[in-house]
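> For reference, the structure I am asking about is given below.
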């Protein structure tokens with residue numbers, strides 16, 4: 001008996017087994033057509049974990065480095081052991097350490113949560129554990145077993161984690177594997193509990209263990225290690241190219257799957273102290289600020305209102321959300337006129353982020369907007385990069401819309 005998702009309609013067959021009546025429209029969907037929906041399901045469930053971890057981590061950094069004025073090169077534990085803090089300040093520092101530890105744990109669950117819900121979206125709740133295990137192994141891979149012929153001893157070594165690449169691959173493969181096994185392994189009704197609580201979980205866990213150890217971790221780790229080696233070897237040029245790529249990927253879909261993938265790459269490099277997260281954090285806030293600014297300056301520059309009436313209040317909302325680190329406020333502009341909005345905020349994000357990185361702005365803390373600004377090195381340059389990118393975005397979108405309006409390709413409802 002196959003365990004079906006709740007959304008399926010179940011009818012009893014002649015043998016007493018249940019068969020799902022497939023939605024005709026869903027049956028026409030190809031693998032590639034369904035895949036983005038499954039990935040977005042994982043991303044949407046992962047985001048709260050990232051937010052919780054990020055905000056709690058931000059509290060720890062703000063308390064330690066802004067309020068208590070600990071030097072940036074000193075860790076919180078070192079500050080605790082320095083003997084320089086007592087009374088209320090010591091209590092604050094202990095709370096900062098707790099927040100840092102707890103926030104770090106929450107961040108560590110982001111990728112496993114993503115993988116678990118992608119697998120769940122594909123194969124139902126039976127695939128959830130396999131996805132979670134695979135996601136956890138992508139961030140905390142199993143030690144490699146090696147034989148050293150010089151000492152005639154076995155030893156272990158730590159592989160390079162496959163991170164987001166590995167989590168994405170294993171969640172998809174595990175989801176479809178569990179879905180296939182659930183459909184193909186038919187047992188009598190009285191063995192249903194055995195199938196769901198023992199057989200499928202054990203088989204899927206063994207598969208995840210072998211696939212991650214022998215295939216996915218080596219492959220994903222090789223890609224991640226290669227990228228890091230190239231960027232590190234390239235020095236300043238590599239850092240600027242990385243900034244441009246991360247900024248473009250961050251801005252292109254405003255919180256969508258490409259944005260989230262860029263976030264995992266950036267967070268991975270930042271966590272390992274390979275490259276800072278500066279470009280990504282700047283690119284998050286430039287699109288909504290720039291598009292909001294465009295709704296303020298369009299009439300002053302052109303003498304015309306170039307946006308539909310409902311976009312003007314949304315522009316102000318987008319600017320406010322940008323200071324909270326939320327780029328989705330720019331989505332209405334991208335939906336209303338993608339040909340003018342998307343190129344404008346991508347160019348603005350790339351130029352502003354790259355300029356800030358080139359001029360020496362550095363942010364290691366993996367958050368954006370006001371949550372991280374107190375911890376930025378060269379904050380003036382950092383803010384100048386945001387301003388530059390926002391102005392470029394605003395000017396580009398205004399003049400692109402003006403050109404389209406004059407050519408009759410843009411209709412504006414000014415009511």
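From the backbone N, Cα and C atoms, a Cβ is placed for every residue, glycine too.
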> Checking the topology in Swiss-Prot: do residue 270 and residue 408 fall on a common side of the membrane?
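Swiss-Prot topology: residue 270, residue 408 on one side of the membrane.
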> Could you tell me whether the transmembrane segment (277-297) and the transmembrane segment (379-399) are in contact, taking contact to mean 3+ Cβ pairs under 8 Å with a sequence separation of 6 or more?
yes
> Determine which residues of the chain contact the topological domain 'Cytoplasmic' (259-276) at the Cβ level, with the cut-off under 8 Å and only residues 6 or more beyond its ends counted.
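Distant Cβ neighbours of the topological domain 'Cytoplasmic' (259-276) are 43, 46-47, 50, 107, 111, 161, 163-164, 224, 227-228, 231-232, 239, 242, 246, 249-253, 327, 362-364, 366.
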> Between 47-67, 277-297, 342-362, who has the most Cβ pairs under 8 Å to the transmembrane segment (238-258)?
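The stretch with the most close Cβ contacts to the transmembrane segment (238-258) is 342-362.
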